[in-house]
Amino acid sequence: MESGAYGASLAGGAFDFMSFIKQPQTIVRILSWLFSIVVFATITGEGYVNPPQQKDTKCMFNGNDSACGFGVGIGILAFLACVIFIVLDAYFPQISNAKERKNIVTGDLVFSGVWTLFWFICFCVLANQWSHTTETAAISADAARAVVAFSFFSIVTWALLTTFAYTRYRQGVSDIDQGYTDPANDYSTPYPSTSAYPPYPTSGPEGYQQSPFTPQNQEQPAPYQPPSY
C-alpha cells in the first residue's frame, strides 16, 4: 500500500471494509465503544435503588448521586466519540488534504488523552464509593462490580487509542519533514503546453465534399412584379 500523510494511504483508493475492521485501532475503538455502553447502561438501568424506608432512589455507590452521574456522563460522551471517530477513521484515507488529516489526528490525540484521564478518575471515584457502601441489601453487587471493572478496562483501551493517535501524529510530522507534498496544494506540475496536443487540421480529410447548401447553389428569388389593377 502506498503510504501518505499521517499513517494512511494516499487518497483515491477503494474502501476495504475487512482491512478496516482488522486494524488494531479499529478493534480497540470498538472495544472502547462497548465498554462505554456497559458502564452507562448498567448505571442507568441498575445503578439507582430504593433504600429501605426511603422514597427517593439513591445511587448504588454509597448513595452518591454525583458518582453515578459522572459515570453516566463519561460513558455517554465516550460512546458518541467512538462512533464519530470510527466514521472519521473510515473516511480518513479519502482525505487528500494534509491539514485536514492533521486536524483529525490532533483531535483524536487530545480527546483520547483527556478521556483516559477521565476514565481513571471515574474508576477511582466508583471504586472508592463502592468500598464505602454499607447497605447492599437492595443493590446488585454484580452490576456495581461490572461498572468498576469496565471503567478500569476503559482506561486501558483509551490509553491505547492515545498511543495510536500519537504514533500517527509523529508519522505525519515525519512525512512532512521528509518532503511530503499535499496534493491539494501541489502547484509544481505545470499545465501541458500546446505542443502536447495534435495540430488542428486546416483542411478537411480526403473525400470531403462541399456542402450543397452554399450560396452558389441557392435558388435566386424571383424579381418583384407589381400587381396590375
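Each residue, glycine too, has its Cβ placed from N, Cα and C.
All annotation found in TrEMBL is predicted automatically rather than curated by experts.
The compositional bias 'Low complexity' feature in TrEMBL is assigned to 187-197.
Here TrEMBL flags 208-220 as compositional bias 'Polar residues'.
Taken from TrEMBL, the feature domain 'MARVEL' covers 20-170. On the 0 to 100 pLDDT scale, the domain 'MARVEL' (20-170) averages 92 in this prediction.
What TrEMBL lists as region 'Disordered' is 184-229.
Taken from TrEMBL, the feature transmembrane segment covers 27-49 (among others). Within its own chain, the transmembrane segment (27-49) is flanked in space by residues 21, 57-61, 68, 71-72, 74-76, 78-79, 82-83, 85-86, 89, 122, 138-140, 143-144, 146-147, 150-151, 153-154, 157-158, 160-161, 164, which lie at least six positions past its ends and keep a Cβ under 8 Å from the stretch.
If you look up TrEMBL, you'll see 69-88 (among others) marked as transmembrane segment.
Per TrEMBL, transmembrane segment is recorded for 109-131 (among others).
Taken from TrEMBL, the feature transmembrane segment applies to 143-166 (among others).
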